[in-house]
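What Swiss-Prot says about this protein:
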type	residues	note
BINDING	HIS64, HIS93	heme b binding site
DOMAIN	3-147	domain 'Globin'
MOD_RES	THR13	phosphothreonine
MOD_RES	SER45	phosphoserine
MOD_RES	SER51	phosphoserine
MOD_RES	SER53	phosphoserine
MOD_RES	LYS60	N6-acetyllysine
MOD_RES	LYS83	N6-acetyllysine
MOD_RES	CYS94	S-nitrosocysteine
MOD_RES	SER140	phosphoserine
MOD_RES	SER143	phosphoserine
MOD_RES	SER144	phosphoserine
Amino acid sequence: MGHFTEEDKATITSLWGKVNVEDVGGETLGRLLVVYPWTQRFFDSFGNLSSASAIMGNPKVKAHGKKVLTSLGGAIKNLDDLKGTFAQLSELHCDKLHVDPENFRLLGNVLVTVLAIHFGKEFTPEVQASWQKMVAGVASALSSRYH
């Protein structure tokens, strides 16, 4: 897992303070389900996922996206212990939900894309580098329970 410099932490925390968890979370999960349709199988209970517009307008997708991003907010407060922060979620996604750990990497990359869209010029290459390191760390932590 990557080591976070003080600069990384400041960069991540600064942008995070401006993130609308509901909007960015819903858009991130929605885009994951549209761009990588095989991920939809984990969300059978979410109802209509038949088209991009159905997915992006689905209230359950938005609600779960917010939940995902809220948990990410907890990680941002504990960047030096991502594995510990995500131990229970890793266990849930591995043992109970059987989610392919590759999906965590995909979700992280989609989040970076959504942040770039939302923050435009403010999302500089340096900011992206810190966020890529963070989403890679989170994906690794969430995958830690897998054998």
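Cβ atoms here come from the backbone N, Cα and C positions, even for glycine.
Shown here: features listed in Swiss-Prot, placed on the structure.
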residue	record	Cβ contacts under 8 Å, 6 or more apart
THR13	phosphothreonine	ILE76
SER45	phosphoserine	LYS60
SER51	phosphoserine	none
SER53	phosphoserine	none
HIS64	heme b binding site	LEU29, PHE43, PHE46
Kindly report the helix/strand/coil residue split of the domain 'Globin' (3-147) according to DSSP, in that order. 117 helix, 0 strand, 28 coil
Average model confidence [pLDDT] within the domain 'Globin' (3-147): 86
Please work out the number of neighbouring Cβ atoms within 10 Å of the Cβ of SER140 (phosphoserine), leaving out its own Cβ. 19
Tell me which of the modified residues LYS60, SER143 sits in the most Cβ-dense spot, judged by other Cβ atoms within 10 Å. SER143
